[in-house]
Amino acid sequence: MLQTTTPGWRRALPWTEADGRLSPLRLLTFLALFYPAGWMLYWWDQRIWMIPQADLTYWSGVWAIWLLLASLAVTPLRRILRWSRLLAIRRMVGVSALLYTLVHLVIYFWLRFWAWAEIAQETATRLSLILATIALLILIALGVTSFDRAVRAMGPAWRRLHWWTYPATALAVIHFLLSPGSYAGMPFLVLGCFAWLMGWRWLDRRRQGTSPGALLLLALATTLLVLASEVLIPWALRDADPAFTLSMNWTFVIGVTPAYKMAAIGLALTAAAWARRA
C-alpha cells in the first residue's frame, strides 16, 4: 500500500488541522473574521456615515480592539465551556487583530491626508496616540513571532514575549477611552470586558476559573466598574454631569447601556460554568 503525505502548503492553510484535514471550526472562524471588513465596506458604500473617513477610522479601531479581546477570551471560554478545540483559533484571531490594527493606522494616515509632519507632531504630543503607538509596536512584535517556527526557535522566551499581549491590550483600551469620539457607550464596555478577562486569569491562578460563585462575583465587580467608569471618566475628562450620566443608566432611552451589557455577559458566563458543572 502506498502512503500519501499531505503537502506542506495545505497544512499551512488557516482552515486546516496540523495534518492537513479541513477544520470546520477554523474555517468558520476564518470566514467570520472577514465580517468586520465587509460591514465597514457596506456602510461606506451605502453612505450611511455622516463623516465617512472619521467614522471609518473609528470603527476600524473598534473592530481591532474587539478582536484583540476575543483572542484573550479564547482561554477562559475553553476552560469554562470545556471546549479544548477552541484553542486552535486563538492565533488566527490574534493575527487578525493585528491586521485590523494596521488597517486602522493606514486609515488614520488617510484621514490626516498623509501629512507626515503633522502626524508625527500629533503622535508625539497626544497621550492617546503615544499609548496607541506603544501598543502597536508590541502587537507587531507578537505578530511576527506568532508562527510555529518562531515558537520553536525562541523556546521559553516566546512565552515571556507573548505575556506582553496584556499590557498592549491595556494600552489599547486606554487609547480608546481617551479618543475624541469616546465619550459614552462602547469604550466602557470594552474596559469592563478587559477587566473581566484579567480578573478571570487572577481567579484561574487560584483554581477558581470555573467556579460559578467566583464568576458571579467577577460579573458583579466588572459591572460596577463599567458603571463607575461611565460616570467618572467623562466627568474627569470632559466635565460631564455625573448625576445626569448616572440617571441615563436607569433608562433605555438611548438603548441598553454598557453596565447592563456587562452584567449580561458576566451572568451568561457564570450560567455556562454552572451548567457545565451540573
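Note: Cβ is positioned from N, Cα and C throughout, glycine not excepted.
Source: prediction; values computed, not measured.
Some features that TrEMBL has for this protein:
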- 61-173: domain 'Ferric oxidoreductase' (DOMAIN)
- 25-44: transmembrane segment (TRANSMEM)
- 56-77: transmembrane segment (TRANSMEM)
- 97-117: transmembrane segment (TRANSMEM)
- 129-149: transmembrane segment (TRANSMEM)
- 161-178: transmembrane segment (TRANSMEM)
- 184-203: transmembrane segment (TRANSMEM)
- 215-237: transmembrane segment (TRANSMEM)
- 249-275: transmembrane segment (TRANSMEM)
Remark   = Residues outside the transmembrane segment (249-275) whose C-beta sits under 8 Å from one of its C-beta atoms, at least 6 past its ends, are 76, 80-81, 185-186, 188-189, 192-193, 196, 210-212, 215-216, 218-220, 222-223, 226-227, 230
Key: Secondary structure tally of the domain 'Ferric oxidoreductase' (61-173) (DSSP, helix then strand then coil)   = 100 helix, 0 strand, 13 coil
